[in-house]
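First up is the structure itself, then whatever we jot down about it.
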Amino acid sequence: MAELIQKKLQGEVEKYQQLQKDLSKSMSGRQKLEAQLTENNIVKEELALLDGSNVVFKLLGPVLVKQELGEARATVGKRLDYITAEIKRYESQLRDLERQSEQQRETLAQLQQEFQRAQAAKAPGKA
């Protein structure tokens, strides 16, 4: 019986480790999005300082291409909306992964107790 519990425990530990990896990836992704959000907010602020007489360029591959100020502002606004939506999605994903991780920890604790009880019950029989 202890061997069955031990195998189940190993499987649950692997699930928990995978959840921790997923959690780490999601946190890393969210941090990248936060950096992009900050960058784009700075660009938005800089574009707000310009008037119609200023010339704006965008980088397309290795080439700078002239862009209308209104178009540049709209592009940055859309990018900010997208990044904000992605951050919300990541936050939701992080909450789910944290909840699953907590449930997995509880399952592991229960299995460890079962395993210890099985080991204790097995030990007096051998003596």
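Backbone N, Cα and C define each Cβ position, glycine as well.
So that you can see what the record holds, here are the features copied from Swiss-Prot:
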| type | residues | note |
| --- | --- | --- |
| CROSSLNK | Lys66 | SUMO2 cross-link |
| CROSSLNK | Lys66 | SUMO1 cross-link |
| MOD_RES | Ala2 | N-acetylalanine |
| MOD_RES | Lys21 | N6-acetyllysine |
| MOD_RES | Lys66 | N6-acetyllysine |
| Helix, strand or coil at Lys66 (SUMO2 cross-link), per DSSP? | strand
| note | One should report the C-alpha separation between the residue listed as 'SUMO2 cross-link' and Lys21 (N6-acetyllysine), rounded to whole angstrom, as 43
| query | Could you state the CA-to-CA distance between Lys21 (N6-acetyllysine) and Ala2 (N-acetylalanine) to the nearest Å? | reply | 28
